[in-house]
Amino acid sequence: MPTLGVNIDHVATIRQARRTVEPDPIAAAVLAELGGADGITVHLREDRRHIQERDVRLLRQTVRTHLNLEMAATAEMVAIALELKPDYITLVPERREEITTEGGLDVNGQPERLQTVIDTLQQAGIPVSLFIDAEAKQIETAARLGAKFIELHTGRYAEAGSPQAQQRELETLAQGCARAIDLGVRVNAGHGLTYWNVRPVALLPGMEELNIGHTIVSRAVLVGMERAVREMKQAIQGTF
């Protein structure tokens, strides 16, 4: 079964709604790990709408599993990553007007720029993952650029309007996963996964890690972070 990376961005979203000090994402990360999280994921956005640079610095010192930093491929973010050296980086697309990340990174449209960023980070010992749609050309370009991982965007699967549409999207994810593995690229997945739709994605051959945030934080508001994480681990394993 794939491991679970818990995205704690929306703990910071609640905090930033009042520009106060609580809830504390660092405390949430500790509780998530106590609940069985295999990793902690945060997205340091250029507009700092939720996670702040201070959060990432503190998480780097306190996370005991591994820290996955999601970021845009900008000079500012590369400099921060080189200083803090998270366990790995996931490069994601970013638009200020979006509520959350919408769609995968277009690696075909910017190979030279991404090559520079990937080389810079990986030469510093930080493995790079690319958050992309499960499209053959995107996956092949990601492999050619030397990314160690891809993270397949599962939003279309999660938002499918019927069981038939969801099954088609699952098949697309399966094909993408298989193609990446054939090319020697390791595979993670995430976006829109919930307690009720995660199991089929978890069963895809070769899937290594699922990065899940909003549904866990939403449940944690009601039942607590440790229990919410334990129950997601159960959902991944098919025992929820």
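Every residue gets a Cβ built from N, Cα and C, even glycine.
Summarising the annotation, Swiss-Prot assigns 3-amino-2-oxopropyl phosphate binding site to ASN7, ARG18, GLY192, GLY213, HIS214. In the three-state DSSP assignment, the secondary structure recorded for ARG18 (3-amino-2-oxopropyl phosphate binding site) is helix.
Close to HIS10 (1-deoxy-D-xylulose 5-phosphate binding site) in the fold, though at least 6 residues off in sequence, lie HIS50, GLY213, HIS214, VAL217, SER218, each with a CB less than 8 Å from its CB. According to Swiss-Prot, the 1-deoxy-D-xylulose 5-phosphate binding site annotation covers ASP9, HIS10, ARG45, HIS50, THR100.
Of all Cβ atoms in the shown protein chains, 25 besides its own fall within 10 Å of the Cβ of HIS43 (active site, proton acceptor). Taken from Swiss-Prot, the feature active site, proton acceptor applies to HIS43 (among others), supported by sequence analysis.
In three-state terms derived from DSSP, GLU70 (active site, proton acceptor) belongs to an extended strand segment. Within 10 Å of the C-beta of GLU70 (active site, proton acceptor) there are 25 other C-beta atoms, taking all protein chains into account. Per Swiss-Prot, active site, proton acceptor is recorded for GLU70 (among others), and the stated evidence type is sequence analysis.
Following the DSSP three-state reduction, the secondary structure of GLU151 (site 'Transition state stabilizer') is strand. According to Swiss-Prot, the feature site 'Transition state stabilizer' maps to GLU151, an assignment based on sequence analysis.
Cβ contacts within 10 Å of HIS191 (active site, proton donor), excluding its own Cβ and spanning all protein chains shown: 25. Per Swiss-Prot, active site, proton donor is recorded for HIS191, and the stated evidence type is sequence analysis.
ASN7 (3-amino-2-oxopropyl phosphate binding site) falls within a strand when secondary structure is assigned with DSSP.
For ASN7 (3-amino-2-oxopropyl phosphate binding site), the number of other Cβ atoms no farther than 10 Å from its own Cβ, over all displayed protein chains, is 25. The Cβ of ASP9 (1-deoxy-D-xylulose 5-phosphate binding site) lies under 8 Å from the Cβ of THR41, VAL42, HIS43, HIS50, ILE51, GLY213, each on the same chain and at least six residues away in sequence. In sequence order, the recorded positions near GLU70 (active site, proton acceptor) (Cα within 10 Å of its Cα) are ARG45, drawn from ARG18, ARG45, GLU151, HIS191, GLY192.
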